[in-house]
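Below is one structure, written out as structure tokens, with a few remarks after it.
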Amino acid sequence: MIEFHNVHKTYRVAGKEIPALHPTSLRVDSGQVFGIIGHSGAGKSTLLRLINRLETPSGGQIVVDGEDVTALDANGLRRFRQQVGMIFQHFNLLASRTVADNVAMPLTLAGDMPRKQIDQRVAELLERVGLSDHAKKYPAQLSGGQKQRVGIARALATKPKILLCDEATSALDPQTTASVLQLLAEINRELKLTIVLITHEMDVIRRVCDQVAVMDAGVIVEHGKVADVFLHPQHATTRRFVQEDEQIDENEQRDDFAHVQGRIVRLTFQGEATYAPLLGTVARETGVDYSILAGRIDRIKDTPYGQLTLAVTGGDMDAAFARFTAADVHMEVLR
């Protein structure tokens with residue numbers, strides 16, 4: 001478990017104090033995939049690097065599995081960092097070393113494992129990330145996705161309890177991003193590894209995360225289960241992320257709906273309700289008519305969800321709306 005207690009970070013620039021992270025309290029449960037999303041300058045990289053003390057907090061307490069890592073001396077910090085792996089946006093591989101040597105680097109530097117055991121561990125890791133045939137290649141001979149897989153294997157070398165991912169997919173194309181995220185999900189599931197990742201992409205959060213924190217200007221403005229946060233956003237920053245992801249322009253949408261008659265509502269379905277024939281049932285029971293103005297079906301990790309924007313006319317609208325609510329469908333009246 002990772003706990004932040006009133007942690008903050010301030011940089012001193014040209015004699016002025018610049019806050020990068022305002023006082024923050026946060027908990028990441030063991031075995032979770034926890035996502036932190038925010039635009040550039042939101043403070044997410046600072047927060048991530050505080051976990052393994054690549055950044056030193058200006059105040060507050062960071063506790064990992066009951067240990068106060070803010071109080072560790074140099075030896076204690078070195079020991080602690082062996083329990084935390086990290087992968088980076090631009091891979092950070094040594095160009096002059098082979099794939100196998102890059103993966104072996106943390107074990108070689110630790111200096112407490114015989115070479116034969118290092119070679120065995122490297123072979124296991126390359127098999128896990130699907131690169132057994134690339135052990136003797138150099139980074140320049142690999143694709144972006146393969147380089148990131150090497151980075152993941154290297155991060156797992158010391159058998160860490162925590163894996164930190166710093167914009168790990170932002171330099172990859174969509175197809176490669178999907179395969180890397182699938183690999184991270186498998187690692188989380190099979191190794192029971194706690195993963196904390198930062199990103200500016202909603203799709204990354206939606207695919208792999210259990211919980212999410214939304215950051216803006218050094219503050220966590222909203223956090224919780226991914227479905228709760230993104231299907232029912234409360235803060236303006238979260239709503240902007242949702243609108244960007246769905247490519248919604250509220251002004252354009254308002255103009256498009258101006259000529260539409262009736263009440264306009266947005267329905268959000270989760271789980272089994274996503275595929276239930278609810279609209280037809282409600283229309284028959286209450287006599288309302290509806291037109292579908294917009295809609296989508298997608299998944300948040302393993303959970304399907306759907307959203308429909310409807311124009312509702314005629315019949316008993318109050319009864320129809322009550323029926324939606326009774327069926328655990330979230331309804332928002334837009335007009």
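Each position is counted from 1, following the chain as shown.
Positions of Cβ are set from backbone N, Cα and C atoms, glycine also.
Keep in mind it's a predicted model, so treat the numbers as computed, not measured.
According to Swiss-Prot, the features are:
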type	residues	note
BINDING	G38, H39, S40, G41, A42, G43, K44, S45	ATP binding site
DOMAIN	2-242	domain 'ABC transporter'
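Within the same chain, residues at least 6 positions away in sequence whose Cβ sits under 8 Å from that of S40 (ATP binding site) are H200. Within 8 Å of the centroid defined by the CB atoms of G38, H39, S40, G41, A42, G43, K44, S45, the record's ATP site, lie the Cβ atoms of I198, H200, M215, D216, excluding the listed residues themselves. Note on the binding-site residues G38, G41, G43: the fewest other CB atoms within 10 A surround the CB of G41.
Among the listed binding-site residues, namely H39, K44, the Cβ with the most fellow Cβ atoms inside 10 Å is that of K44.
Taking Cβ-Cβ distances under 8 Å and a sequence separation of 6 or more, the neighbours of A42 (ATP binding site) in its chain are M215, D216, A217, G218.
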